[in-house]
Structures are given as C-alpha cells and as structure tokens.
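> Sequence annotations record features per position, and here TrEMBL assigns transmembrane segment to A:23-46, A:67-95, A:107-132, A:153-173, A:209-234, A:254-277. As annotated by TrEMBL, domain 'ABC transmembrane type-1' applies to A:72-278.
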Amino acid sequence: MPAVAVPVSSRPAPLGAAEPSGFAYVVPALLLVIVFFVFPVAALLLRSVTEPAPGLGNYAELFGSTTYLRIFLNTFLVSGLVTLISVTAGFPVAWMLAIMPRRLGRIVFAILILSMWTNLLARTYAWMVLLQRTGVINKTLMAMGVIDKPLELVNNLTGVTIGMTYIMLPFVILPLTGVIRAIDPAILQAAALCGATRAQALRRVLLPLALPGILSGALMVFVMSLGYFVTPALLGGTANMMLAELIAQFVQSLVNWGMGAAAAFALLVVTLGLYALQLRFFGPGRAGGL
Amino acid sequence: MRLRTTLASLLVSAALPVSAADMVFTSWGGTTQDAQTQAWAEPFTAETGVDVLQDGPTDYGKIKAMVESGSVSWDVVDVEGDYAAQAGPAGLLEPLDFMVIDRSKLDPRFVTDYSVGSFYYAFVIGCNRDAADDCPKTWADLFDTEKFPGKRAFYKWSAPGVIEAALLADGVAPADLYPLDLDRAFAKLDTIKDDIIWWSSGAQSQQLLASAETPFGSFWNGRLTALAESGVTVETSWDQNITAADSLVVPKGAKNKAEAMKFIALATSAKPQAELAAATGYAPINLDAPSEMDPKVRATLPDAQDAAQVNADMEYWAAHRDEIGTRWYAWQAE
Amino acid sequence: MLLNFDGLGAWKWPLVIFTALVSLFLLLPILFIVALSFGSSQWLIFPPPGWTTKWYVELFADPRWIEAAWTSLRIGLVVTVLSVLLGLLASFGLVRGRFRGAETLRALFLTPMILPVVVFAVALYAFALRLGLNGTFAGFVLAHTIVALPFSIIAISGALQGFDQAIEDAAVLCGATPLEAKLRVTLPAISHGLFAAAIFSFLMSWDEVVLAIFMSSPTLQTLPVKIWTTLRQDLTPVIAAASTLLVALTLILMLLAALFRKGDAR
C-alpha cells in the first residue's frame, strides 16, 4: 500500500488520547528481556575482561591470531553467501507464491511449512547423507554418467552453504510473499500503460517496491547465519569453522569462558554495528519490519 | 500484569522438582548410558532404595556453571579422564571418599584423589572390508595416503588419541611419546589433513564407516564391536591401540554426596564392571572384573590386547589440556 | 502485468519452473527422511538393503519420545501465546510510540536473534541455576520466549507499519472506544502479521535445541533434545520415523485447515 511510505512521525496525533507516548506498551517485553537476557548475558560478557586475569588479554589474543581472524572472515563470507543465494532464489519464489493460482500456491506454501516443521537436526543430517561422497546425489550423478568421480559436496563451503540456504529460504520467502501481495497491481498496470517493458517494470517498479521486504529479509538471514552453529558443525569442514562454533568450543570443550565471551562480544558489536548502518541508510521506515 | 503473574505461577507449579531421595547420574547418553543404567543404577537402587535419575549428555560448561552458582544438580558424572585430572585440582570436583570406595581393587592407572575410572576404551584402526581393497594395519599405514588412498576418519575433539597416533605413525616409540612433540605431530597430521573426515560423536563414526564415506580410520573399539554386530564387515587392528579412560567424578557441592560415593563404590566393583564391559565392548577398570567375565567376551575387549597397548598419559594431558586444545582447534581451522 | 499470473507472458514458465525447482530442493531432504524411516539399515545407508516398519515400533515402545513431544508441544504453545502478546504490545509501542530511544529499544529486542544461542544458553544457564529455573517448565518457556520475541516483533511491527492508522482513528470517530477500535479494526487488519508471528514463535520453540539442552533435566526434556542426544549416540532411524510422523501430522493439520477454510468461504 502506498500509505506505507508516509513516515510514521509525520502522522497526525492519534485521536484516542490514551496513547501518550506508547512506551507503556513496550514495558512488559522490556522487563522480560532485561531480566532474563540483558542481565545474564552482560554478566557472561563481563568475563571477557575478568577471566583468567583482569584486562584486555582475551581481546589481544583474539585479534592477534590470524586463525581467529580467518574464522571471523569466514563467518561473514558464509553468511553473505547464504544471504545472497537465499534472497536471489527466494524473491522469484515469493513473487510467484503471491500471484500464483490459489491451488498451486497452496502446494508451494505447504512445502515451505513442511520443511520448516521438520526438525532442524534431522534435516541437516539428511543433507549430510545426501551430499556425502557415497551419498544419493553423487551416486545418482555417477550412475547417469554425468561425473566419474564423486563431487566434494560436504565437509566444505559447499556443504555449509547448501545446508544453511536450505534452512533460511522459508525465512525469506514467507515474509517477502506478504510484502509483494501488499503491492497494488494497478501500479504495475500503470507502468505497462506507460510503455514499460517487463524488465523495466521489474527493475523500476516491482523491485523498488519490494525492496524494504527484501532488505529486511536479507538482514534477518544474514544476522541469523552469523550465529549459526549446528549446521556448519555438521556440514562444514573444520577449515570452514564459523564464529558460533568457535564460541561453543571455548565455552563447552575448552571451558575458557573469557575467550568465549570475548568472541561473542566481538560478534555482537559487529552485528549491532551493521544494524545501525542499515538504520542510517534506509531509516526505520524503509527497513520494513526490522 | 496480573495475567503475567498468574501465568508465571501456573508455569512454576507445572515444574517437577527432583525429590530429595533421588540422586542424579550424568553420562554421555545412548547405548553406553543405557548399559550404565542397567549394570550400575538398577542394582544400586535395589540395594539402597535411592532412585537414580539419568541425565546427560555430560557438558563441562554446565559443570562449571553449576559449581560457580552453588546449585549443583548432578551427583555423579561420567567425564573424560584428562578432564577429571584437570578439574579436580582446579576446584571443580569433590575429593572422593576412599573409605567408601575400595581403591585397592581399581586399576591404578585411572585413579586420582578426585576420580576413579568408569571404563576404559581404545582407539583402534577400523576398516570396512567391503569398501576397502586393503585394510591398514598400523598407524603408519593409516597415515600413508599412497598405499591407502581415500578418506580416513579421526576423532574431532582435542583429546588423547589422534596426536599419539600421528607420533606413532611417524616412528616414535611408545615409551618416548611423552612429553608429546606437538610440532612433529602436527607436521605428520598435515600430510593427511585433506584426507581426514572428522567424527564428532560415536554414532557419526559408525555412520562414516558403515556408509563407506571413510573406508577406514581411528575409532573407539566399542563402536566397532557394535557395528560388526549390526552386520557390517568390520576389520579391527589392535596394533598399538591407544587407551584412555572415562572417569567418574562428583562435582563440588553435589547435593547427595554420600549417595554419590556409595554409587561410585558399587559402579566400580567387580560384577557391575564386568556387566558393563560385556554390554559395551569397553574394558573394566576393576582388577577383579575380568575373572567374572565370559572368556569369549573378554577376548574382544581392550584389556585382552595389552601386549599391543599404548597408554595415553592422563597426567600429561591434564597439565597441558588447554594448551593442546587451543593449538588443536586453531590447526583444524587453518 | 508483473503481478498478474496470466499477464507474465514469456516469463511465466521460466518462473514457474524455477519455483518448482526450489520447492523440490526444499522437499528433497524431507522425502529422504521419510524413505530412511522405512529402510532396514541402521546406518542411514541409501538405498537401504530392505524395508521395514520396525523403527516405528521402536518409537512407540519408548515412552520418552511421546513424553518429549508432549513437553515440546506444551512449551511451544505457551511460548507462542506469550511471544505474540508481548510482541503485539511492543510493536504498538515501537511503531506508534514517539519516545526517545525507540530505535535503540528495537535493536535491543532483536539482539537475542543476533547473539549466538550458545552464549545466551550458557549465560541463562548460570543465572537460572541461582533461581532454580533449570529443568522447569517456566525455565524453558522464558528461554524460548526471549528467542521467539524478535521474530514476533519483526512480523507484527511489519504488518502494523503497513496498516493505515487513519482507519483505526475513523472507527474511533464513529464512536468506538480506542480499545474497541484496536480489537475490532486493527487486529483483524494485521492478522497475517499475527499469524506469521505465531508460526515463527512456535517453530522457534519447537525446533530449538541449544537452549533446551541447557534447560533440560532428567525429568523434563523436549523433542529436539531427545533427537539431539539420539543423533549423537545411536543415530538410529527412529529419528527419521519420528520426523516422518511429524511431517504426516503437519500434512493432516494443513488439510484440516484447508477444509475448514473451504467451509468458511464467503
């Protein structure tokens, strides 16, 4: 709806005087988050400067090591790749889902829900067995004579990307479908009347109108990917380790909470920084749901 | 807000607290813990009337958090030997009461002031006969990618086993293993790094071997026994098998300390040890247990292979656990 | 043109085929899991040497699976209600409110989505131990509500932003109280956002494993925890059988919903 474009703040004051500032609405959720999230997490993060000795030693170790820096880079590489593929593949599907005949749309929708509903671990394991050298995909391709040596599809970047894209796709498609459905078809008809070709209409009208939805979906996927842990651990090789896995290793295997907290804090700062950047460039209204 | 309080009270009332007469035993889950339940917990309950609740899997992060908060819900925990040797002096464990636990019958390799062995296992060379033309017999074979091309499976986590195997493969004599020459070990591991597929759990190691994703590799002996029983043609080489033990410990501040000591006393006594060994394929740590066992079963256990055995040095590992671990994970991520 | 299925012209079939391929990609592991659940090999070998239903028998013989599923369902439902309620209120505040720091607050609410769950899990574990919340229903609900809330807020505030407040104001002008206007005009208008929030919230809780591992106790564990421990230890196709049953259950629910909608059609 075009009305979305009206900035929130320029609206006339609501008629019902019962909403002085709206802050009261936020209070219940805020209380929950402060007591059971901010407080415990802050207490843990504090350990990054107190354990094993007070000071910034953990951060020096974290940023002084090429290994850890590479894990950082790799985390962003994988997340970026997954985001790019999920959005590129998700947009056409969301678009089709929004305008398809109902019957067909329901089937696609059902598949989306089914895949989300199936246990994450089970799905990841299924991919492991599908992708491995002696797995179904390699066996099929070899039987068909497409390849004569098994492809390396798992325990590497390919495996992580496939597995994570698989998980993220529904998270892009579902909200994006809503966004596209909300676009008034008349606008595109108008574009056609003005003589725009399909490609022009897509580039100049549909994509810009869907952009807030695309961006918020992309940010959600990117941010979720940064903190992912189970899928990279099972489908990636150790050379593709991601930050969340490193943190888990520090916390659970090495019982070195100082380093774990330092790595977590670094990840948190970078991610919140990205979020702030997005706010600056696109503003709260344009950032869609986020 | 009233709704929230009502909800909150509803939620709390739905919680099920552990009753005072119970104790909690924590292990790694799966068939091993099922066997521990059967061989240890059930006779213990029958004898003392104390119910043993099973929890798991063991998590060192959890133990640390419990001890620090002073709210310890685990009474007896099955941990890796090197962790036990490190965590005891670090103040995370209760000293064991050897007035209750009979130390004299236990394999001294696996006893410290804070821990006793739970069972012991060996890293052996396993091979899927149907998937490999030829099976590696020694660690040197397993590290030889020319004679034995293809992927090989190794244990992912930093623990006694893989580093020792690399050094043995490189020609280090078992007697000269410790202190570990880490540079040499990593250099040797570098030569096969691209051909390694890491397994992070026992089940995954079996899956890798059974599906021939890795036709051979280094495995826990008990997992190979189970795999063979399920119909996979497994060949096991015990040459220079590397043994390490799980340990039983009591976290500091455990609520049912007295019961915990009694539980450990029973768990490490001859008959329950023999039963666990028969059920899992791992070896007993009670010196009297072998005589309680069927000789046929005994022949398949690590303690029947002691001529070829190489013992991982738990003291060494405890002292260097953090250092090796940090380097290990950094090397893996390279 | 582009938003009319029949007006797509030459683009129609490529797009339809692409959608079909993506759907197939999404379906592939699920079909595979279903096939494995009937395979006779214990080791996820495909194609399996034979077919069997013994994994289902094993599944039903172990009451822990059913118990775990029931626990997950209860936790998921309470989390959904809490998350949608809190998310709805917070979204109203964030979208309509004009107070300082609203953007900071929004960022704060989204942080649980950003932070690797394992960090939150350990932090909450240490904190919950002191409160005696570990292994309690309340502990699970609190933990899962916090990770579900960001999704709920995203979905609901997105819908609320797309809703023209003038319509609500008009209802008030026509004599409705502000509360009535919200309940009878605004809520139905943003119902798709509420629905998405409910689905995401439930799924977050239903499929969440890391927090659950830390929260669970011998007497209370969720389905993902059961699956996780089983995967690590036995890797039995019972997991595939359990997943298959869930898929079947979902299909049945969706069919019922479709029938219900048909009966309800205007």
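Keep in mind that glycine also has a Cβ here, set from the backbone N, Cα and C atoms.
For each feature listed, report its degree of burial, its nearest neighbours and the pertinent distances within the displayed model.
Residues 257, 261, 264-265, 268 of the same chain sit 6 or more residues outside the transmembrane segment (A:23-46) yet have a Cβ under 8 Å from a Cβ within it.
Listed as Cβ neighbours of the transmembrane segment (A:209-234) (distance under 8 Å, sequence separation of 6 or more from its ends, same chain) are residues 4, 75-76, 78-80, 82-83, 86-87, 90-91, 95, 120-121, 124-125, 128, 160, 163-164, 167-168, 171-172, 175-176, 178-180, 183, 187, 240-245, 248, 267, 271, 274-275, 278, 282, 286-290.
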> Any residues 6+ beyond the ends of the transmembrane segment (A:153-173) with a Cβ under 8 Å from its own?
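Distant Cβ neighbours of the transmembrane segment (A:153-173) are 78, 81-83, 85-87, 89-91, 93-94, 97, 112-113, 115-116, 120, 123-124, 127-128, 131-133, 135, 137-138, 217-218, 220-221, 224-225, 228, 231-232, 234-237, 239-240, 242.
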> Please indicate, using numbers and ranges, the residues of the same chain that are 6 or more beyond the transmembrane segment (A:254-277) and have a C-beta under 8 Å from a C-beta there.
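Distant contacts of the transmembrane segment (A:254-277): 44-48, 50-52, 57-59, 61-63, 68, 72, 75, 219, 222-223, 226-227, 243-244, 246-248, 290.
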